[in-house]
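The structure under discussion is supplied below as structure tokens; questions concerning it will follow.
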Amino acid sequence: MVEVDSRKQLLYDPIVRLSGIADKFVMQDATSSNMKVSLQECIDTLANYQDECKKLKRNEPTLSPSERYSIYESAYIYYKIIHIMVLTRIPSLPQFSSAKSSDATNEDKELMQIYNMLVKTLLSDEKIAQIKSYLRANYPDKNSKGKESIVNKQLLNNEVFMLPLSGSPISAVQLNHLIQMYDSSLLLIDVRPRAEFDSKHIKAKSVICVEPVSFKNSFTDLEVEKKSLITSPQKEIALFQARDKYNYIVIYTQQSEKTQFYMHQQLVLLDILMNKSFAKPLNEKNIKVFTLDKGFSGWVSKKGACETTTQNGDAIYISGNTSSLNLQNLPQLSPNIGSSMDKSMRDMMSTSADFEGRTYQLPQQQQPVFARTPSFKNLFNKAKSSSTSSVTSSSPAPSQLVRPQTSSMPPLEQNFTQYPETPKLLTQINTNTMPLSQISPISSRAMSPMTKNMLTQSPQLPMKISRTTIGNGAMLDLKPHPDSKPPGQPVPALPQLPHHMTGTYQNLNQPKLDLDFTVGLENMGNSCYMNCIIQCLLSTHELSQIFLNNSYEKHINLNSKLGSKGVLAKYFARLVHTMYREGSFKRPLEKNKPIQPIQFKMACGSINSLFKDNTQQDSQEFCQFLLDGLHEDLNQCGANPPLKELSEDAEKMREKLSMRIASSIEWERFLTTDFSVIVDLFQGQYASQLKCKVCGCTSTTYQTFSVLSVPVPHVSSCHILDCFNEFTKVEKLGTDELWSCPTCKKKQPSTKKLTITRLPRNLIIHLKRFDNMMNKNNVFVKYPFLLDLTPYWANDFDGRLPPGVTDELPTRGQVPPFRYKLNAVASHVGSLYGGHYTAYVNKGINRGWHYFDDTSYRPIKNETECITPNAYVLFYHRVYGV
């Protein structure tokens with residue numbers, strides 16, 4: 001466990017001792033539940049804190065070491081009291097909840113303005129970090145043995161047993177003490193991805209993993225239990241269900257520059273347990289909830305005991321244990337039952353959690369008693385007229401005040417995903433040097449794996465700082481700046497959620513995008529196959545938007561084994577930006593200069609040599625390549641180890657399940673190695689089932705797709721549904737294809753049937769017109785503007801779940817009906833080697849359908865021109881309520 005020296009060092013930490021004194025002051029005062037009085041106490045204490053800071057600034061050179069240290073101690077205690085009052089005591093008051101509501105009185109609104117100003121003052125304080133550093137560096141026991149008059153020795157020696165108030169952080173020493181002495185009444189909650197938890201976590205009797213992407217700040221404790229833990233082992237679910245039976249709950253996560261999202265989610269979960277535990281109220285039973293100071297890495301550095309959890313990939317089928325699946329439960333990333341429209345991309349285009357501009361509420365505490373000063377009246381009156389406030393006592397200027405130690409985060413601009421600059425392709429054009437040796441090729445489908453990277457981060461809107469006099473100090477006005485733009489990740493400072501958060505990636509004042517931009521693309525030598533696919537793919541507004549607002553950058557995974565380290569994604573984004581610049585906000589018949597996508601084509605050629613020269617290629621193959629390549633660049637799980645093959649027992653168990661359930665499990669298994677916005681937008685799944693005609697034994701495999709290839713019957717004319725009938729029909733295997741039945745132990749007459757088990761948000765249908773000999777079937781396949789594929793979706797759920805699984809698996813949008821509207825058509829005339837590709841694309845209500853032939857484009861001549869016998873690839877988008 002914790003080493004003796006490290007324990008002693010933590011035990012005599014002056015910050016812990018002084019925090020205990022501040023806690024004691026707050027606990028001893030229970031005189032008022034009035035929010036106005038509590039705010040007055042905070043302002044009085046703030047004045048005292050600022051006076052101490054002023055003393056240090058004015059007189060520090062003339063003070064003796066003991067006098068100086070005493071002032072630093074007083075300053076820290078005053079600050080800590082304000083911290084507890086503002087972030088814990090006041091949010092627990094009944095008046096605070098009513099003041100936050102939409103029907104709050106004017107007086108309550110003014111109180112909230114003052115409260116927010118106090119919070120902002122805490123967040124912007126730049127002196128407290130220096131105070132902490134000084135107290136630790138100049139501790140009397142360290143520099144002047146015997147001079148301990150400043151220190152309360154009894155408090156010091158008992159620090160490990162004096163736990164702070166609920167909602168506060170505790171040290172590694174204190175957690176170690178709880179584990180040793182109260183292990184049976186202690187619950188640990190690890191807020192890290194399941195893979196990291198399984199690899200190593202704190203050793204304790206009761207420890208569970210709640211993945212940071214599985215909950216959001218609007219959840220209650222019951223929603224965490226029912227939704228966030230749906231894929232957790234039954235043992236962990238049972239532990240969380242018994243959360244009201246413990247005396248202590250400690251939440252911890254990984255604390256580092258790269259895990260700020262985890263740290264933010266730790267605060268969100270703390271808020272849920274302390275203020276939204278409606279199913280099992282923890283406050284009523286006096287259960288203390290803490291966070292672990294310095295997190296899991298701090299525990300490991302102090303040699304805290306850890307253990308590893310090993311999981312078998314087929315545990316879901318054998319025991320109902322879904323923990324190895326690492327479900328990516330992003331809020332609303334896939335639409336839920338009852339979605340009236342497809343809104344689920346909002347979080348991917350924005351941030352991880354949907355912040356609602358609420359003030360972070362923490363646990364109930366009591367107030368300290370301080371002598372009143374007349375400053376509150378001035379502040380309150382000032383707030384009425386100017387929404388700002390003043391305090392009579394002086395304070396250090398904001399430039400001198402620092403965030404508290406809980407928020408030693410890097411600058412925001414350092415939080416974006418850093419990926420290598422792509423090669424200067426233009427230089428290579430000029431020098432005719434094509435190879436980009438540093439780019440790793442994407443040679444196959446994205447079936448690789450990882451330790452899940454942080455999926456989404458939550459930006460905090462920069463605040464417009466308007467200063468008004470507060471004595472000689474300053475207060476800050478919490479108004480979003482109209483020009484502010486969301487940075488990459490949150491910087492959690494104090495245990496408090498950021499104010500004025502945005503729920504969408506587009507800023508409040510960001511101009512609306514014209515996602516139906518229209519521009520031609522130059523043919524660079526048989527590149528029509530590329531041009532038509534680009535035009536068709538960009539009919540998907542969600543895809544265009546994440547590249548136009550650059551949110552894709554935050555999802556680039558440098559560790560993805562099959563990715564190009566962002567090269568393909570970056571050059572695709574540049575192309576989309578260029579097309580948008582030339583083709584957006586144009587009048588219906590206004591023409592513009594065509595775009596030459598030469599750099600994008602060279603990037604594609606550097607990744608896959610098939611697209612390097614000027615030979616004609618199959619547009620469907622390019623579409624598959626582009627989607628796979630973008631997926632691998634943005635694959636959040638691209639470095640995970642591959643899933644183990646199912647055991648024979650697990651396969652038998654899977655065959656007993658309905659395809660609806662088995663396919664859902666396989667989809668979750670797939671997401672542990674492949675998770676990206678491309679998956680969410682375009683990927684579906686089908687089942688391939690072999691069946692022995694002698695004994696009836698079956699074997700089913702599940703395959704994902706982003707482009708669904710359906711056969712075209714050799715008839716004079718057919719409908720697209722005929723192609724789906726052909727795709728899903730029972731096929732009798734020939735003599736040379738007989739299946740070796742595991743039950744009969746020999747090859748037997750057998751059949752094969754494909755069943756669509758997951759229909760994606762955007763369905764790309766490839767009409768297989770070419771056979772193995774490259775002969776083309778030119779039959780006119782009729783396809784509608786509105787396509788209903790509900791009858792082809794596996795809907796065979798019989799109520800059975802794997803043993804041990806009591807809750808349904810996530811639907812992830814797989815709720816009928818499945819209706820699609822036609823968005824685009826890639827057409828082909830001629831042979832595979834000597835033909836030409838063009839595109840029909842729906843450019844929205846204002847522009848209507850357009851025909852694209854490389855550089856030229858025009859509105860279609862009549863309503864049905866886009867229903868062409870030359871159709872080769874169809875692009876459909878799912879619609880609701882039609």
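Each residue, glycine too, has its Cβ placed from N, Cα and C.
Take a look at what Swiss-Prot says about it:
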{"type": "ACT_SITE", "residues": "C528", "note": "active site, nucleophile"}
{"type": "ACT_SITE", "residues": "H836", "note": "active site, proton acceptor"}
{"type": "COMPBIAS", "residues": "382-399", "note": "compositional bias 'Low complexity'"}
{"type": "COMPBIAS", "residues": "402-411", "note": "compositional bias 'Polar residues'"}
{"type": "DOMAIN", "residues": "182-308", "note": "domain 'Rhodanese'"}
{"type": "DOMAIN", "residues": "519-879", "note": "domain 'USP'"}
{"type": "REGION", "residues": "382-411", "note": "region 'Disordered'"}
Once the chains shown are all counted, how many other Cβ atoms turn up within 10 Å of the Cβ of the residue listed as 'active site, nucleophile'?
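By my count, 24.
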For H836 (active site, proton acceptor), just count the other CB atoms lying within 10 A of its CB, please.
17
Is H836 (active site, proton acceptor) helix, strand or coil when read with DSSP?
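The three-state answer is strand.
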Can you tell me the CA-to-CA distance separating the residue listed as 'active site, proton acceptor' and C528 (active site, nucleophile), as a whole number of Å?
7
Give me the DSSP three-state residue breakdown of the domain 'Rhodanese' (182-308), ordered helix, strand, coil.
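Residue counts in helix, strand and coil order: 61 helix, 22 strand, 44 coil.
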